[in-house]
Amino acid sequence: MGKPTLLEPGHLYNVPAEHKNDIPIHYIITWIKQRLPEFGGAIPTSLADRVLIIKSRTGSGKSTALPVHVFRILRNENTHSFQKYLGRSVICTQPRVLTAVTLAKDIGASTHYPDMILGQTVGYQTKPLTEKPNRGLIYATAGVLLAQLHTMTDDEIASRYAFMIIDEAHERALGIDLMLMYIKSMLERMLQRGSIGALRIPFVILTSATIDTHKYSTYFGIGKENIILVEGRQFGVETHWPLYNTNNYIKTACETALTIHKENIHDRPTEADILIFMPGMGEIRFLSTLLNNANMDLAKEKLPLMLILPIDSEAIAQENEAYLGLKAEIKNLWVKNPLTAKVEKPLRRVIVSTVVAETGLTIETLKYVIDPGWNRSVETYYPEWAGGLITRPAAQSRIEQRKGRVGRVFPGHFYPLYTKHVFEQIPAQQYPEIITEGPGAIFLNIVVETIKKNKEGVFKAEEIDMLDPPPTDALASAIERAIVGGLLTRGEKGLQLTQLGDIASRFSFLSIEEARMCFSGYFWQAAISDIAIILAVVSVVDKKLTNLLDSKQRNGAMLAEAVLAGIPPFLQHIDNAYTNIHLLLADDLLEGLFIFEGFQHAIVYFINNKVNNLAKHLREWCEKKMLKYSSMVQILARREDILNELAIVGLNPFHQWQNRLASANAETFLKRVCTLKQCIYEAYRLNCFCYDEHRLLYTGRNGIHFSYHDTVIKNPSCIVTPRIMLAPVSKQYMEWRLEPSFVSVLDGFVNMDINFLLPRQEIPNILGGVEDEEEEEPPLPIQVFLHNYVKTHFHFSGKSFKELKMKPSQMIKFPETTLINMIPDIPKNVVQTYLEINVCHQYSFKRLIYCETFYTNMDDVQHENAVELIGLPMAAHHLTINDFNKLYRVLKPDGFLIVYDLHNSQEAYWLHSLQDALGHHTIRRDMDFHTITEWETIFKECGFSPIFSKQPSEHELFIVFKK
């Protein structure tokens with residue numbers, strides 16, 4: 001086995017010429033020591049003294065040799081291993097559990113590092129698995145360090161860690177981007193404290209094989225001298241490009257693996273394994289079935305067999321048979337002959353894996369990689385806030401990582417299932433999750449960190465200091481949800497956290513909606529344990545409740561049995577129990593609550609009976625109920641996380657324990673159902689949808705619609721769902737439809753705030769007539785302001801507003817409640833909120849009037865603020881005559897009035913309201929006005945002069961009057 005290139009001379013580049021032939025690790029350690037005061041270096045004064053970027057190709061030892069040698073800076077290499085290390089630690093973050101655990105175990109078992117002993121000087125810390133020393137080299141998932149940065153002070157972090165190594169820094173998960181934001185802010189704060197803070201400031205090292213060095217160095221404000229480039233593997237990797245693309249990559253992957261196996265039948269078992277990447281577990285199962293069938297053919301031909309190992313995050317967490325087979329030596333493994341049923345030694349392992357095997361994992365027997373070139377990740381689309389798992393071509397950087405799994409200890413082979421031309425067309429880097437998903441659960445963390453840097457203590461969007469800020473539409477949607485959830489409010493100087501927002505910002509892993517539901521639980525006196533279970537079900541279960549069932553033949557009967565296992569005793573003996581409970585609850589989330597309650601009953605039963613191997617009995621119970629054991633365990637863990645989060649911030653996680661829904665009786669059951677539904681509604685009320693009897697669809701305020709059918713509950717008038725999912729229409733074509741994830745029926749359970757059902761529309765081109773692509777769009781005053789403001793303050797990932805080539809009305813698509821709130825310091829003389837007036841019938845979008853000052857209600861309208869009104873089409877609900885009186889009373893002296901698309905039956909209502917408001921001439925209600933002249937005549941009698949008018953068609957007109 002060759003040494004990692006970090007330990008061999010002559011692999012450095014982008015360094016001074018006299019150091020080209022240095023051993024890379026020696027050069028790196030010397031570079032670091034020169035900047036440490038304890039080794040004679042100066043006290044750090046800038047980030048350049050504490051941030052180093054190492055772009056080191058796969059196979060160089062950046063995940064193994066580098067952390068060990070950095071740790072040896074702190075612990076003398078010659079120190080006896082039995083002497084306990086008491087200094088500060090080195091933390092090396094990994095994007096996945098598998099790599100963190102594997103690297104720590106491999107280093108602890110390696111003869112190359114006798115001073116690194118697992119549990120004493122090296123260890124791992126992940127959410128599900130931990131074995132680490134109090135001080136030493138700690139491999140951890142990024143989430144572990146993120147949680148510490150979120151909850152600990154700068155000094156606490158500095159006293160714990162001397163070095164932070166962010167391995168695979170090119171990964172752009174939300175947590176990693178937030179972690180880098182935290183780290184940068186911490187370093188800046190400690191540097192601002194002068195020598196007192198700078199002496200113990202941690203050293204940060206970013207490592208990756210495919211990192212964009214320019215982007216990261218610019219973000220941290222460091223120069224080229226802080227970037228070290230190291231060559232990678234010593235052994236070549238041959239790429240076998242196909243002549244044609246495939247239209248069935250699973251079948252082609254199987255055929256390719258079988259061809260490799262047959263053509264290389266004389267491979268040594270220690271240099272023979274195949275790794276195949278698949279985008280998801282469904283594809284892994286399908287491919288594993290095909291490969292096992294191929295083993296049957298091999299057995300018939302009396303050829304050596306393959307051992308098929310399906311690997312994903314679940315297999316790693318459970319350390320199942322496949323994972324143990326991955327970690328074992330090939331000589332100790334056996335495979336069953338499908339013909340003779342006898343066991344025999346396999347020639348090679350075929351590892352079928354998701355992206356968990358993409359980075360930081362070394363399989364020393366791996367010789368071949370087969371890559372279909374796909375990647376599956378969550379994408380969310382705003383402002384509709386609809387998302388789902390989308391399968392797209394993997395970026396070139398990810399493909400290089402996959403290719404880098406081979407060629408580490410002997411030459412390897414890479415088999416892409418796409419042509420070289422296709423590879424050259426796909427993006428070089430993956431899109432960051434903050435772009436594809438939006439800020440999501442980390443939004444409040446971003447707000448808090450941004451507020452810390454603002455002298456006035458307010459949140460300003462343009463001050464977000466991240467590698468890539470959230471997209472404007474995603475940011476606007478997040479602000480809206482935070483305001484509606486009561487976590488953000490507008491102060492005199494900008495957006496500020498409310499008291500609830502301050503509490504919510506202390507949560508490490510709770511989203512806006514999760515925090516709001518917990519707060520609502522305390523307000524409505526709900527059992528917080530029930531709230532935690534509901535949120536855990538939403539977090540773990542994908543799309544619908546039947547996905548909890550561990551069976552290909554999922555059906556209502558299986559789901560019914562699982563639900564009935566957890567219902568209150570008084571309901572267990574009624575006829576048609578599930579049907580009646582389904583009618584009674586009208587709620588997928590509450591049914592999920594009962595499914596988990598049944599699982600909890602089983603836990604209590606087995607514990608009370610003192611069974612041996614509790615996990616085995618629970619797994620058997622889940623198999624009997626057709627439930628996924630792994631999902632139930634994840635719900636249990638997530639529920640505990642939520643309850644712990646509440647306890648950490650000082651809230652009682654056992655609040656109203658005695659009022660749990662599962663313990664209700666006939667008298668209290670419906671009351672508790674209503675209470676929980678109220679909490680669900682308050683958390684997700686922006687996702688309310690009403691049934692449109694004419695279109696036979698559910699429509700919401702976002703302008704989106706979907707169909708929803710329940711076999712028992714027929715077309716409820718109003719439902720709420722935690723999220724809108726993108727569901728594939730067919731496997732053959734990349735087409736998607738919208739569908740709710742879980743449904744909670746509100747009819748008769750919750751008194752809704754109807755204002756949250758107002759649809760949102762794009763700002764139209766009112767004054768410009770029909771849009772002509774050849775002509776510049778005449779912008780509205782509000783658009784002019786936003787155009788100039790956005791052009792000045794938002795950069796859109798490096799592109800100016802002009803470069804985007806978007807017209808204002810195309811650009812500004814924000815909901816009415818956030819169009820202005822997203823811009824924290826908007827001048828007072830610019831429009832800041834809206835007052836809705838309904839002048840339309842059921843199916844038309846008519847108008848929205850907004851004023852120049854933020855009003856909490858109509859009573860706050862003052863004359864001097866109502867200088868100008870501009871009409872926009874927007875559906876709204878009826879205001880009362882008193883509301884009209886208040887509005888037009890302040891308009892009478894010098895205001896504008898707009899008539900837009902008013903005709904037929906609605907004119908009587910409008911004119912009657914206007915008559916009462918203005919107190920002018922009697923207006924005949926039976927008059928039908930269809931022309932500009934007719935409208936001008938009647939409003940002239942009321943003291944208004946037309947200053948602009950247009951009538952595109954018989955039933956469309958637009959008039960601006962001035963008092």
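Just so you know, glycine gets a Cβ as well, placed from its N, Cα and C.
As annotated by Swiss-Prot, domain 'Helicase ATP-binding' applies to 43-229, with the evidence given as sequence analysis. According to Swiss-Prot, the feature ATP binding site maps to Ser56, Arg57, Thr58, Gly59, Ser60, Gly61, Lys62, Ser63, an assignment based on sequence analysis. Summarising the annotation, Swiss-Prot assigns domain 'Helicase C-terminal' to 253-459 and lists sequence analysis as the type of evidence. Residues annotated as transmembrane segment in Swiss-Prot, with sequence analysis given as evidence: 521-541.
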Original post:
So how many other Cβ atoms are close to Arg57 (ATP binding site), meaning within 10 Å of its Cβ?
Top reply: 18
Original post:
With every protein chain in view, how many other Cβ atoms are within 10 Å of the Cβ of Thr58 (ATP binding site)?
Top reply: 24
Original post:
Around Gly59 (ATP binding site), how many other C-beta atoms are within 10 angstroms of its C-beta?
Top reply: 25
**OP:** Would you count the other CB atoms within 10 A of the CB of Lys62 (ATP binding site), including those on all shown protein chains?
**Re:** 30
Subject >> Arithmetic mean of per-residue pLDDT over the domain 'Helicase ATP-binding' (43-229) >> reply: 90
Original post:
Across all chains shown, how many C-beta atoms besides its own are within 10 angstroms of the C-beta of Ser60 (ATP binding site)?
Top reply: 29
